Every structure is written in C-alpha cells, then in structure tokens.
Amino acid sequence: MFRRERPIPLRGSAAPLCNNLSVLQVPSRNLTHFGVVHGPSAQLLSAAPEGVPLAQRQLHAKEGAGVSPPLITQVHWCVLPFRVLLVLTSHRGIQMYESDGSVMVYWHALDSGDVSPVQAVFARGIASIGRFICVGTWSGRVLVFDIPAKGPNIVLSEELAGHQTSVTDIATEPAQGQDCVADVVTADNSGLLCVWRSGPKFKLVTQIPGFGVPCPSVQLWHGTVAAGYGDGQVRLYEASTGTLHVQISAHARAICALDLAPEVGKLLSAAEDTFVHIWKLSRSPESGHTEVEHCHGECVPDTQVCGARFCDPSGSSFAVTGYDLAEILRFSSV
C-alpha cells in the first residue's frame, strides 16, 4: 500500500509531454532532485524527505535562429561512473549542465539540413551507459556523446541509424561484466524497438517490430525490455532475441511513462487514464521467462498524468506530474 505524501509546489505546471519528470537521489545530502519541463523552461527542485522544497532553479532552452523561444522536450539526469550531468533537449539542440544546473558544459545544435519547413526538428530520449550519453532525434538517429571524467571536452562520437521515425525514449542497463550483452534499447513513434550493445562502436543486436502505435516509454531490467505503448499495453521482450514474454493490458489509454526500481524489479507504469500501476517482475526458475505480478494501482483523479518516477532504487516511493497541475505528487509505501 502507498499513501499520498506532502506534494512539492511548482512555479508553473508540467507540459503535456511523455516522461515529463526526472528524479535524482543524493543520499549523501539526504536530498531528492526533481526536474519538470514547462514550455521554454525546465524547473529544477530540491526537496528534503518530508517534501519541503529547499531550492528551485529554472533553465531555459538556448536561443537559436527563429522568432519564438524554443520549446524544451525533456530534462534528465545522467549518472555516469565518474560524474552526473543534467541533459536538456529542445527544438534547437542539446544542452548539458553540471548536475545542479549551475554551469552549462556543452551545447550541441541540431542540424535541420534539408528538412521541410513544416517538419518539427527536436531532440528527445536521453540515457547514459558507461562513459556515453545517448540522445534521440526527430529524424530517428541516435546521437552518442563521449563524456570525459571532467571538463567540457564532450565529443559526438557516433550516430546510430536504426529508426525511420522520431525517437521517443531510450533506456540502458549496466552490463555488469557480461560479454555480448544487450544494454541499450531505443524506441520510436512507430513502436519499433532497436536493441544495441554499447562500446567504442555501438552494435545493433536486434530490432523488435512495432504494431502501429507509438512506444512513448521503455525500460531495461536484467536483459528484459519493458515497453509501454500508445494503446495502453505493456509488453516484455527478451532483449537479446526480441522474443515476446508477456503482454499486459495495463491501461485504458496511452502510456506516458515507465520506470524501474532495479534493486527489487518493480516496474511503474503511468498513463493518460489517470492511473499509476506498480508491477513486480521476476524470472521463472523453470523456463527463464519473465513473469509479472500486479502490486498496486493508484488513481490520480481528474489529472492527465505526464510523468512518473520512483524516488529510490527500492521502489518504496514514487512521484507523479500532471498537465496543468502546479505540484509534484508524492507517494510512499505504508
């Protein structure tokens, strides 16, 4: 069971974008950082365990050519082995900051090239693996940035071509010393999933075909891909082969966010039907297939949910954002 805790007030509200919440725990300072996108700005908040907001900062998308300020599409903390960077994507480019948002260390402008004037240009989908940060784009290409241990000498090392439509989300999982492991998955607007093996050169392991609906959110857990779709379904695949293990009719409307508590194998799904569900994933000792058990369902009445994240690796608390909702809702296990 979960109970609602004291909400964290926002200066504005959350934009109606999928995956519109990022959470970073800082155990050494007993703080939790929250990031939420609203139009041309991103709000960063730090809160104590009881939900008292201690600091707020607003970041804005870097201006480029054009009359209107660029809209931000996503904000996400990337935890690398040697540093934490805050990555912000927009219709102009990709901005990388120190973890508190105080200093911008890198800016990558999107090259629209020969794109039609009616074609939206943007970056979306952010994840880190090893020393790399991967960012998706409107064209379907995934940009791979090589991050140094310190300083601003960030290099675009590779562009991955596996998608024909715009990337929606990216998920990664540390390889934990295994060879030939699939540790990156990218999703797009057609529902296609591409599974990659990271390294100095990324390698495409397999493609999992879509079925006519977008895949707004994706996660990786112990070699299992968890994908949330626009028809409310959650599907679990074997990452290395693309074999479908489980299909759940989890929600009545489009899924907008998935998250994982890796320590315990809990999967959180949130959708436009106002519900947030928590599922327990496990591996069957006999077949080796992934099994699912429903643990909890939480209704957020009269709210178009657009972001949801666990607040700790054990999955004992989670936070939710909603369109036109001027606060971050918090829930913790009883």
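Keep in mind that glycine also has a Cβ here, set from the backbone N, Cα and C atoms.
Note: TrEMBL annotation is automatic and uncurated.
What TrEMBL says about this one:
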type	residues	note
DOMAIN	1-334	domain 'WD repeat-containing protein 54 beta-propeller'
REPEAT	248-282	repeat 'WD'
Chain residues outside the repeat 'WD' (248-282) and at least six past its termini with a C-beta under 8 angstroms from it: 2, 18-21, 173, 214, 216-222, 224, 226-236, 290-310, 312-315, 318, 320
Secondary structure content of the repeat 'WD' (248-282), with strand meaning DSSP E or B: 0 helix, 23 strand, 12 coil
